[in-house]
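Participant: Please see the structure below; I have some questions.
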Amino acid sequence: MLAVVGAAALVLVAGAPWVLPSAAGGENLKPPENIDVYIIDDNYTLKWSSHGESMGSVTFSAEYRTKDEAKWLKVPECQHTTTTKCEFSLLDTNVYIKTQFRVRAEEGNSTSSWNEVDPFIPFYTAHMSPPEVRLEAEDKAILVHISPPGQDGNMWALEKPSFSYTIRIWQKSSSDKKTINSTYYVEKIPELLPETTYCLEVKAIHPSLKKHSNYSTVQCISTTVANKMPVPGNLQVDAQGKSYVLKWDYIASADVLFRAQWLPGYSKSSSGSRSDKWKPIPTCANVQTTHCVFSQDTVYTGTFFLHVQASEGNHTSFWSEEKFIDSQKHILPPPPVITVTAMSDTLLVYVNCQDSTCDGLNYEIIFWENTSNTKISMEKDGPEFTLKNLQPLTVYCVQARVLFRALLNKTSNFSEKLCEKTRPGSFSTIWIITGLGVVFFSVMVLYALRSVWKYLCHVCFPPLKPPRSIDEFFSEPPSKNLVLLTAEEHTERCFIIENTDTVAVEVKHAPEEDLRKYSSQTSQDSGNYSNEEEESVGTESGQAVLSKAPCGGPCSVPSPPGTLEDGTCFLGNEKYLQSPALRTEPALLC
């Protein structure tokens, strides 16, 4: 085993010997020197050198201890050995903690002092052994079965999924080598020639530890005679709804039947035989077409492998090349659901994927004005979009979908259209507030001006309203105030009325003349008469018109009783006139 590895051993050189008190008679026995430890997988090799004492009588013993243990433990394979090397395994120790070794020389009852090496962590100093390889030949392919380093050991027990393998294959008669990289324990190398001898070798690699093994021993194998039944090739898988569609190439005849099987992805990453781990697909058994459809529920793992076999009567082809399927790459998620938040000139769009397989994918949205057909597309690796520099108070519509371009150049369907109206911008808001302020201020100013105007009109131009006495006069029925005119000329007789509060006027008509009588508590004839022009209006209407003369006229009496406060005389056509506006002094009544 060690000769195969051929790797430089890790040499742990001991420092200056630590001399312990020797046993009786061992004063001249020196401890071993140049102690080093070489580890490959779980196999330890401890080496040292002696000082040239007679090897026939000197033996050596080794002990070890770990960081978790203060007590030194004996190495069973390294007790009282006569050689300067011993090999052993420590399967029960923790390879991730520091371990320390020491060796001493012994001769009879005498022993040397112990010579210790510096502590080290076995996991980081261990080497990987070449993987074990087993070959299986077909007519046009070779199956390579690989066992990882330290198959049943403790050193790489947790690292098996991290190993990758490099396979070098060549025809025995040629030096042209082909390199194949694999992460599986079984690798099928197709497209070989029948009845041809191929040789190959394999090495293991641990990328994170930056370690690799040596190549395994070269093995050669010959492919078989070409099979009468060709192998189905060019397997393709597509997803349609909730089903998978498996297609392959084959020059089929009417009697050729096909069957397909699937293998969970994790099964190929485990060592050992897996021929019994392939599972049949019921809807792809004994089909005559070069395709079959099966439900996604048939396969319950996220990753799996497919292969197809052809048969005709008693003849059966080899299994096709294994097709790796990642369900995340083939199953399209449903259309996403979007939410849109509107701002003044911005729309915030969040794309909510409806399936967990959307993780790590890209997203695309398209948006446009509701009144336009010009669409704008945006693509991101995240579900959040910000649409800036939009028009305020404008309706925009948005759709989104999930992209698989990095994997299979496929996309989901677009989501439902969602339309949202942007809010007023800051500039529009200022103008709206300013406009409302101007309108409000204008209304207040107009109202104030109107109030001032009404006040000025009331003060400077009071309403021309007749006195209350005239209002009361005109409030009587017209028929009672009419004075019938006759063709005869009549005279007016005036009387002086003194100290009167009430003036009663009675009008009587006679066929020959108009007779007017005045009654009062006290009356006295002044002997003064006043004639005024008589004004006649509308003889057709038959109404008498009052004539008025300024006080102090022909009557020569200042402010005579019977006048109004504004100094106006009136004709005595009234039947009754009673008003506090009449003066109590003697007045001239015409």
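Yeah, the Cβs are placed from backbone N, Cα and C, and that goes for glycine too.
Swiss-Prot lists 518-530 with the feature compositional bias 'Polar residues'. Residues or ranges marked as ubiquitin cross-link in Swiss-Prot: K517. Among the features that Swiss-Prot reports, domain 'Fibronectin type-III 1' is placed at 31-125, with the record citing sequence analysis. The feature domain 'Fibronectin type-III 3' is assigned by Swiss-Prot to 230-327, with sequence analysis given as support. Annotated N-linked glycosylation site per Swiss-Prot: N43, N109, N181, N214, N314, N370, N409, N413, in sequence order. The annotation phosphoserine is assigned in Swiss-Prot to S526. Feature annotation from Swiss-Prot assigns region 'Disordered' to 514-545. The topological domain 'Extracellular' feature in Swiss-Prot is assigned to 27-429. Residues or ranges marked as topological domain 'Cytoplasmic' in Swiss-Prot (evidence: sequence analysis): 450-590.
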Participant: If you count the other Cβ atoms within 10 Å of each Cβ, which of the glycosylation sites N43, N314, N370, N413 comes out on top?
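Facilitator: Its Cβ has the most other Cβ atoms within 10 Å: N43.
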Participant: Rank aside, I only need the closest one: which of the glycosylation sites N181, N214, N314, N370 has its C-alpha nearest to that of N413 (N-linked glycosylation site)?
Facilitator: N370
Participant: Between 0 and 100, where does the mean pLDDT of the topological domain 'Cytoplasmic' (450-590) sit?
Facilitator: 51
Participant: Report, in whole Å, the straight Cα-to-Cα distance of N370 (N-linked glycosylation site) from N314 (N-linked glycosylation site).
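Facilitator: Approximately 67 Å lies between the Cα of N314 (N-linked glycosylation site) and that of N370 (N-linked glycosylation site).
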Participant: Looking at the glycosylation sites N109, N181, N214, which sits with the largest number of other Cβ atoms within 10 Å of its Cβ?
Facilitator: N214
Participant: Tally the residues of the domain 'Fibronectin type-III 3' (230-327) by DSSP class, grouping H, G and I as helix, E and B as strand, and everything else as coil.
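Facilitator: When I sort the residues of the domain 'Fibronectin type-III 3' (230-327) into the three classes, I find 9 helix, 53 strand, 36 coil.
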Participant: Taking helix as H, G and I and strand as E and B in DSSP, count the residues of the domain 'Fibronectin type-III 1' (31-125) in helix, strand and coil.
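Facilitator: Per DSSP, the residues of the domain 'Fibronectin type-III 1' (31-125) fall into 7 helix, 45 strand, 43 coil.
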Participant: To the nearest whole angstrom, what is the C-alpha distance linking N43 (N-linked glycosylation site) and N214 (N-linked glycosylation site)?
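Facilitator: With distance taken Cα to Cα, N214 (N-linked glycosylation site) is 16 Å from N43 (N-linked glycosylation site).
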Participant: Can you tell me which of the glycosylation sites N109, N181, N214 is spatially closest to N370 (N-linked glycosylation site)? Compare CA atoms only.
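Facilitator: Nearest candidate: N181.
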Participant: Roughly how many angstrom lie between the C-alpha atoms of N214 (N-linked glycosylation site) and N109 (N-linked glycosylation site)?
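Facilitator: Cα of N214 (N-linked glycosylation site) to Cα of N109 (N-linked glycosylation site) measures 45 Å after rounding.
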Participant: Is N413 (N-linked glycosylation site) helix, strand or coil when read with DSSP?
Facilitator: coil
